[in-house]
C-alpha cells in the first residue's frame, strides 16, 4: 500500500522514536511546513546521541525535555478519530495523522472487544498531541522516546533550529556579543600597582576558570536582529547561542504556545450532549501553556538538560564538571566563586543570588573580627568589673526575696556570681560601640552590594534590561487565565438565562445578535479579576495570618508557663545543686523547646504562605513571587523572633513587687530577670536559636533530605532490576538521569534563610557580638552546600534574566533600619548600661561604680507578704530574715510612701528614652551619610557604559556611511552609463554593448 511520501515507516524495534522536522518561514521566521519523519538507525545509538544530549541523528542538540506517562489509547480510537475533535488549526494538519504515529503502536488492529474508555487519559493524550503539533508549527523539532529505561515514563526531546533561535532572540531582545572589540579602561598610577599586588596575593584563592580571569577587552553587545546579522560573529552557529540561552528561548515558546482545554465530557454509551456555543467559547478562551499543562498532569515534568556528568575521568569535560571541581566542592571553600561561570550555566537570577551571598559572606569578615575583639575585651575586663565583684563578694551578705511563692525560700545574691560575671562578657561599654559599628556595617554592605550589582549588570550585558522586564512581567499566569475564563463563562451563562426569560422583539432581532456577539468579545478579551472577586481570598489571608501570629504568641505563652512551673517544681527539690542551677536548667530547656517549635512552624508557615498566595490568584509571576515572599517573611519573622523579643523587652517588666505580684491565670507568678539583668539570658536564647536553625534547618535538612530521597530512589531501582542494576545505571540517557533529580523549587527558601540570619546578625547584635562569626562560619559551608545541591542534586533550572535581587533588597534595607531601633532599646532597657551611667554621674560618692548593686536593689519587709505567699521554710538560710531585697527602684518599707516608685526610676527612665532618641537619630544620620558618600554606580562602570553607547553610535554611523558610499558608487555608474546616450544620441546608446540585442 502506498503511503504519504512525507513519511517513512520505522522498523518494529524502533517504533518508540518519532521525529518531526518543521522549518520556519523565511521572512517571518517560518518556512513552508514540511513534516519529515527521520529514520536514524545506527549500530550504537547512545554513542551518536551522546547519551541523550542529542537527537538520534547525533547532530541536533536537545534543548528541552517534556516528560509524560504514556498509556494505551482507550478503545480502538486512532489519532485520526481524535483529530476530529480539534479546531480548524489542527484540521490543517490532519492529513499527516491518517495513521498512528510510530512509537505508539497500532491500537485495535487485531480487533476484539473494546476495553473500557478512560476519558481522562484520552483528554491528556489529546492535549499533548495538540500541544506538540502547535510546537511543530512554531518551528521546533521534536523527538519522542517511550522505550525508556524508566518504566511508564515517556520523553519528548525538543530542539530549536537556527532560524527559530534567531527569531526568538530578536523577540526577546537578547543582547549578544558583536564582532566589535574594545579595550576596557584600566587604572593607572598607584591604583594599578595596588591592583597588581592584590591580584598576585589573591591568585591562590581564585578559581581556575577562564571566565574569572581579569579581562582587558570586551565585545560590544547589541540586541540580536536578523537584519543585522553581519554585526555578529556567526562563524560557529552551534556555539553562538549557549545551552542556557537555547533553553530559555525554548521555554518562552513553551509558555507562549497554547492548546485548547476541550475535555471529553461523555458518559458511558452515547454520552451527554453539550451546549455547542459554550463548548466553542471554552475552546476559544481556554488556552494554556506549559505551566498549566504541568499543573493539570498532562506532562509530569519539563526541564532543560545538564551539560553532562560531573564525575568520571572518561567523561567529556563540560561546564557542569568544571563547576563541580571549582565551585561545588568543599575542598575549595577558601576560593572565590566563579560567578561568571555560574551565570553562564544557571542564568542571571541564580548568579545574582550567589553573588549576593558571596558579598554578604565577605562583609561578615570585618564584622566577625570586631565582634571577637569586643568579646575578648569583655573577657579581659571581667575581673575589673566592680558590680560583678560586689555580687560575688560573700561579705556583702545580701539576702534576696523568694523567686516563687511558698516553695521558694530566701537566697543569697552571691549564688548568682557566675551569671553576673558571664553577663559582663556581653554587657560592657564596647557593646555600644559594636552596635554603632554594625549599623554602619549594614549600610556599607547595602551600598557595596549595589555597586557590585552594577558591575555585574555591565559585565552580563543587562544595562538596558528594564524595558524588557516590564514587558515580561505583564504576562498573565495560567491560574489567573483559568479564573478569568471561569468568570467569563459564568457571566455568559447568566446572560443566556436572562435572554431566555426576556421575549425578543422581531424588530430588534438583528440588533440583539450584534449585542450578543459583542458581549462574547468582551467576555474573552476584557474580563479581569476585581477586588470583589478576590475579597474572599483577601479575607481568608487576613484571618489566617492573624491566626498564625496568635498561634505563635500562644506557643510563647505556653513556654513561659512551662518555665514558671518548672522553676517552682525544681525549687522543691531537696538537692542543693539542682536548686542552685534552676535558672540555667529552665532557660536551656525552654530555649530548646522554642527551637524545635520554630523549626516545625517554619515548614508549616511556608506551606500556608504558598496556599494563601495561590488563592489570591495574582496576575503575573512577579506579583505571585512578591506576595509569597512577603507572607512567608512576615510569618517566619514573627515565628523566629517572638521568643527573643519576649526576653529582650517583656521579661521582668511586669512582675510587680513582693507582696503584690502579677499572676497569669491567678496561679503562675510572672518570672523575673536575674540580678545581673536579662541580657545574659537573651544571649543564650539568641545563640541557641541561631546556631540551632543554621545547623539543623539550613545544613542538616539540606544535606539529609536530598540524600534520603536519593537513597529511597536507589532502593526502588534495586527492587525493579536487582540483577542488572549496574548495567541499567550505565545505559541511562542524560534526560533519564536528570528526571530522577529533584525539581528546582525556586530561590525563595535560600534567600529566606539568609535574611533570617541577617536579622540575627543585626537586630540583637548588642547582646551577642559573636553572631557575625557564627554566621560567617555557616555561610562558608552554605555556599558550597548550595552549590553542590544545584550542580548534583537538582534538575537544571530554566535560566531567568534579572537585573537585581528584587524585593529581597527592600527587605534587607528594612531589617537594617529596624536593627538600629531594636539595638537602641536593647542597650537602654535590657542591659544595665544606662543605669550604670546614671549612677556614675548622679549618685556615686567617689566617682566609681562601688555601691551600684545596692543602689539598684529595693527593700521589702517580710511581714508584708500576702497570705499564702510567704516561704514555707523561712529559716532555710539558717537565720530569720526580716528584710529581703529585690531589683527595682521603689521606696523602702520605712518610707512614708512605702513601695511606691522612687524618683531614681524616673531619672533612669528619662536617661533611657534620651539615649534611644540620640542613638537612633545619630546612627540613622551616619547610615544615610554613608549612603550619600558612596555612589551607587562605580565611576569606571559609568564610563564604560558611556563608552559602549558612543562605540555603538560610531558603529552604526560607519555602517550608514558605507551604505551611502555604496549607493553613491551605484549612482555614479548609472550616470556614466547615461553619458554616451546624451552625447551621441539614442542610436549610439542602442548599438552599444551595454544594451544587448542592439536596436529594436
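Every residue, even glycine, has its Cβ placed from backbone N, Cα and C.
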Annotated stretch (transmembrane segment, per TrEMBL) among the listed ranges 459-483, 484-508, 509-533, 584-608: 584-608
TrEMBL tags one of 628-649, 650-671, 672-693, 694-715 as transmembrane segment - which one? 628-649
Stretch carrying region 'Disordered' according to TrEMBL (options 951-975, 976-1000): 976-1000
Based on Cβ pairs under 8 Å, which of the stretches 353-377, 628-649, 754-777 lies most in contact with the transmembrane segment (430-449)? 353-377
The answer for the transmembrane segment (754-777), taking Cβ pairs under 8 Å and residues 6+ beyond its ends, is 357, 360-361, 364-365, 367-368, 370-372, 374-375, 426, 431-432, 434-435, 438-439, 442, 633, 636-637, 640-641, 644, 648, 679, 682-683, 686-687, 689-691, 693-694, 698, 808, 811-812, 815-816, 818-819, 822-823, 826-827, 830-831
In the predicted model, what is the mean pLDDT computed over the domain 'Anoctamin dimerisation' (54-339)? 73
